[in-house]
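A.B. asks: Below are the features listed in TrEMBL for this protein:
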DOMAIN    41-290  domain 'G-protein coupled receptors family 1 profile'
TRANSMEM  23-47  transmembrane segment
TRANSMEM  91-120  transmembrane segment
TRANSMEM  140-158  transmembrane segment
TRANSMEM  197-219  transmembrane segment
TRANSMEM  240-260  transmembrane segment
TRANSMEM  272-292  transmembrane segment
Amino acid sequence: METGNQTHAPEFLLLGFSATSEIQFIVFGLFLSMYLVTFTGNLLIILAICSDSHLHTPMYFFLSDLSFADLCFTSTTVPKMLLNILTQNKFITYAGCLGQIFFFTSFGCLDNLLLTVMAYDRFVAICHPLHYTVIMNPRLCGLLILGSWCISVMGSLLETLTVLRLSFCTKMEIPHFFCDLLEVLKLACSDTFINNVVIYFATGVLGVIPFTGIFFSYYKIVFSILRISSAGRKHKAFSTCGSHLSVVTLFYGTGFGVYLSSAATPSSRTSLVASVMYTMVTPMLNPFIYSLRNTDMKRALGRLLSRATFFNGDITAGLS
């Protein structure tokens, strides 16, 4: 392949999972199944919360937004990967790559901020139960969601726009199934100092600060629960945080796994598998964590599915 550089690379090659055609078929079936489960699970969570008046509370309002963010986060990368496997064409245009970077970063940051908002919601519910309805009023909830969206989009836009100033070498191979920002920067022929500064700044603002907020919220929650004398009330307080804490652990655990594996073994199979965990497995498991551990969600899902079955039965009867 010729050497040199160009201001805008026309195409990137997503190496992804290099395997024989037989293995590619299995990989396609596996990832398609995971995507359908993720899409269906998160969509059911959203529909159940919207259709059940008992779930029109701040906690479930934030959960529906988290499910929407997870659905969009996965849809940013997986459909393109499935198309590449199906057509055996692993190229993505420069504009398409920038689009993936922008939306992947936006929804990833939104996930992070929503988890922080949900931690604050649990903090208020457990540490200030008598003032919960006053503090977590609809106006504040709306502002928290709007702020999370605005901060995520602005942070992602800043990281994406700095890529436009780069020139790239002609060998545009990315050892992933999507356009990961860090991997794209490795292909640049021009200086990436400004890009790295922006990434470190964004990581601090959109990563470290929210994580610190979650840690502080649970620090206060644990000490508040320990002061409760009744064992039954302690268990009830802990149970309201269990699902959220499980999702936080899964989100940050897989996220740290991606970057630690990338630092230890760059462009390795381990890093690729870690990316799959972060981009596909975590959004797929979140609906199960919240629905299986939450009685209200299970009841709402049951009512939703019952109505859907009844509606389908009426249509079938009408057609016959």
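Every residue gets a Cβ built from N, Cα and C, even glycine.
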A.B. asks: Against the transmembrane segment (91-120), which of these stretches has the most C-beta pairs under 8 Å: 23-47, 197-219, 240-260, 272-292?
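C.D. replies: The stretch with the most contacts is 197-219.
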A.B. asks: So if I exclude everything within five residues of the ends of the transmembrane segment (23-47), which remaining residues of that chain have a CB under 8 angstroms from its CBs? That is, six or more out.
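C.D. replies: Here the qualifying positions are 17, 63-64, 67-68, 70-71, 74-75, 78-79, 81-82, 85-86, 88, 280-281, 283-284, 286-288, 290-291, 297, 301, 304.
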A.B. asks: If you average the pLDDT over the domain 'G-protein coupled receptors family 1 profile' (41-290), what number do you get?
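C.D. replies: Mean pLDDT for the domain 'G-protein coupled receptors family 1 profile' (41-290): 88.
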